[in-house]
Amino acid sequence: MKKILFVLLLTIFAYSDNYTTLGDKEYSNGNFDKAIEFYTKAISINPKNAKIYNSRGVAYYELKDYASAVNDYTKALSIQPNNLGTIINRGVSYSLMKDYVSASQDAKKACKLGDCELQDMLKNSGVFVEE
């Protein structure tokens, strides 16, 4: 029984990986809407994969749908709280939405994790919010 369950789980995750790969290909070709469709299918199969949420967030970002991007980055961070790339992605999206408080919070967290570029950018732009 355990073997059957294991094989079933491997098959399910393989489908998720296939959709993720297709999403990555569409993203690389600049087909962001199609990439989002594939990432959404992958998420429906494997909703605990932070990388897929981040990838879909990046596709939304490319479409300038920053609110949807932030939602996906936030979901990814609920799974992997210290993913530096996702923290930076969300901070940049917040800044483009002119939510400088949230952008500054992500910039501070990214800086604590070793990358202060976003914080420096916000400070140089005069929009960094000290708390």
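Even glycines carry a Cβ here, placed using N, Cα and C.
Heads up, TrEMBL stuff is auto-annotated, nobody curated it.
Residues or ranges marked as repeat 'TPR' by TrEMBL: 16-49 (among others). Long-range contacts of the repeat 'TPR' (16-49) within the same chain: residues 55-56, 58-60, 62-63, 79, each at least 6 residues beyond the stretch ends and with a Cβ under 8 Å from a Cβ of the stretch.
Within the chain, the repeat 'TPR' (50-83) has long-range Cβ neighbours (under 8 A, six or more residues past its boundaries) at 16, 20, 23-24, 27, 32-33, 35-36, 39-40, 42-43, 89-90, 92-94, 96-97, 113. According to TrEMBL, the feature repeat 'TPR' maps to 50-83 (among others).
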The mean pLDDT across the repeat 'TPR' (16-49) is 96
